[in-house]
Amino acid sequence: MSELATRAEKLDAADDLRGKRDAFVLDDVVYLDGNSLGALPAVVPGRVEDVVRRQWGELRIRSWEESGWWTAPERIGDRIAPLVGAAPGQIVVGDSTSVNVFKALVGAVRMAGEGRDEILVDATTFPTDGYIAQSAARMTGCTLRPVAPAQVPGALGDRTAAVLLNHVDYRTGRLHDLPALTAAVHGAGAYVVWDLCHSAGALPVGLDEHGVDLAVGCTYKYLNGGPGSPAYLYVRRELQDRFDSPLPGWNSHAEPFGMRSGYEPAPGALRGRVGTPDILSMLALEAALEVWDGVQVEAVRAKSLALTDFFLECVAAYVPEGRVECLTPIAHAERGSQIALRCEGAGDVMKRLVERGVVGDFRAPDVLRFGFTPLYVGFADVERAARVLARTLG
Ligand SMILES: Cc1ncc(COP(=O)(O)O)c(C=O)c1O
Ligand SMILES: Nc1ccccc1C(=O)C[C@H](N)C(=O)O
């Protein structure tokens, strides 16, 4: 056994999160794609069966109250809250991330008020945020300026209304400085919206601590909610009364069953709701979140950094010099929970890796992306992935 494989065994034996792997349905594939679709928590199938057969099949309409369907968006929001550093009552679950980006960004521009007519958007963003920001700008009469996150402080001005940023870049895995950028946006009198898709469940976010205004994120990556599981919207408590949703559906009404023609927004996080919640996906997510019982995000972060450090070490030891170039920052303060390697023919290389039992993904034009979910990825997986990568490139 190689020195690295021996070390992997020791690291696994000393890993406090090791037992969590049993809470997931996994086979002997090395699954490094939890940053696209998290693995299935073992508790989910039975719960979904109960929701469908008993709650829907037997209780039918009564389940809106008796099975807690109606209040699921805010209840599950409160379950996500500690994972992103938010006190209860500020997060609602529902809709896709794209829809929540729209709500948050238009809501932010409306809060900024007269005289502020520019939106800054992360120039390197996952495309959907950029597309939605373009439409939000057109609708609110703002101009949209794409800016690299590091350049945001210099681009802010007294016309800036809102800034939309990604906490972790989907392609490179770069972690942006949320506290400093949030403070810079506030210094200019503007509002910030953070997309937490690639950070929630992988590292501490500290939404309340850093005074973030609005945030959105998906739940199908590190939160393992399942394909198309609903996203969430955070609106900081002090801003909730001023949050003027651009999608004020009846579920966000102060009295939804009053069936009144006049709109009156509900107080608190409920204002972020739109229409009828997608109960099947939502309750699958609620079950999936049970794997977090007793887990601290800080412990997840420590293991995530150890996994990505070890992967880089194994890649350096096994992969011939010059075949891959790491796009992810080496500094821990700038690294999310993935490693992105630029590589010639990356699309074909990833196909062959998948055939050999190492599942990551390919992002155009030339990036091999490997996501590390500390709840179910171990150090032996990491060593094996690097070994298979070296064989595939060799
Ligand atoms: C940063 C980021 N934002 C948004 C999305 C997707 O949004 P939606 O949930 O609407 O598909 C993704 C991935 O799909 C993402 O990585
Ligand atoms: N929602 C998906 C549906 C199908 C395939 C991928 C996704 C992703 O989430 C991609 C991810 N956001 C990424 O960072 O590339």
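Placement of Cβ uses the backbone N, Cα and C atoms for every residue, glycine included.
Taken verbatim from TrEMBL:
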| type | residues | note |
| --- | --- | --- |
| BINDING | Thr97, Ser98, Phe126, Pro127, Thr128, Asp129, Asp195, His198, Tyr220, Trp250, Thr276 | pyridoxal 5'-phosphate binding site |
| MOD_RES | Lys221 | N6-(pyridoxal phosphate)lysine |
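Features as recorded by TrEMBL, highlighted on the structure.
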residue: Thr97; record: pyridoxal 5'-phosphate binding site; Cβ contacts under 8 Å, 6 or more apart: Thr128, Asp195, Cys197, Val216, Gly217, Cys218, Ala231
residue: Phe126; record: pyridoxal 5'-phosphate binding site; Cβ contacts under 8 Å, 6 or more apart: Asn166, Tyr170, Asp195, Cys197
residue: Tyr220; record: pyridoxal 5'-phosphate binding site; Cβ contacts under 8 Å, 6 or more apart: Leu37, Gly38, Gly226, Pro227, Gly228, Ser229
residue: Lys221; record: N6-(pyridoxal phosphate)lysine; Cβ contacts under 8 Å, 6 or more apart: Gly34, Asn35, Ser36, Leu37, Gly38, Cys197, His198, Ala200, Gly201, Gly371
residue: Thr276; record: pyridoxal 5'-phosphate binding site; Cβ contacts under 8 Å, 6 or more apart: Asn251
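Counted over all residue pairs in Thr97, Ser98, Phe126, Pro127, Thr128, Asp129, Asp195, His198, Tyr220, Trp250, Thr276, the record's binders of pyridoxal 5'-phosphate, the longest Cα to Cα distance measures 31 angstrom. In the structure shown, across all protein chains, Asp195 is the one of the binding-site residues Thr128, Asp195 with the greatest number of other Cβ atoms within 10 Å. Closeness to ligand 2 is met by none of the binding-site residues Thr97, Thr128, Asp195, Thr276, no Cβ falling under 6 Å from the molecule.
Among the recorded positions listed (Tyr220, Lys221, Thr276), none has a CB atom closer than 6 Å to any atom of ligand 1.
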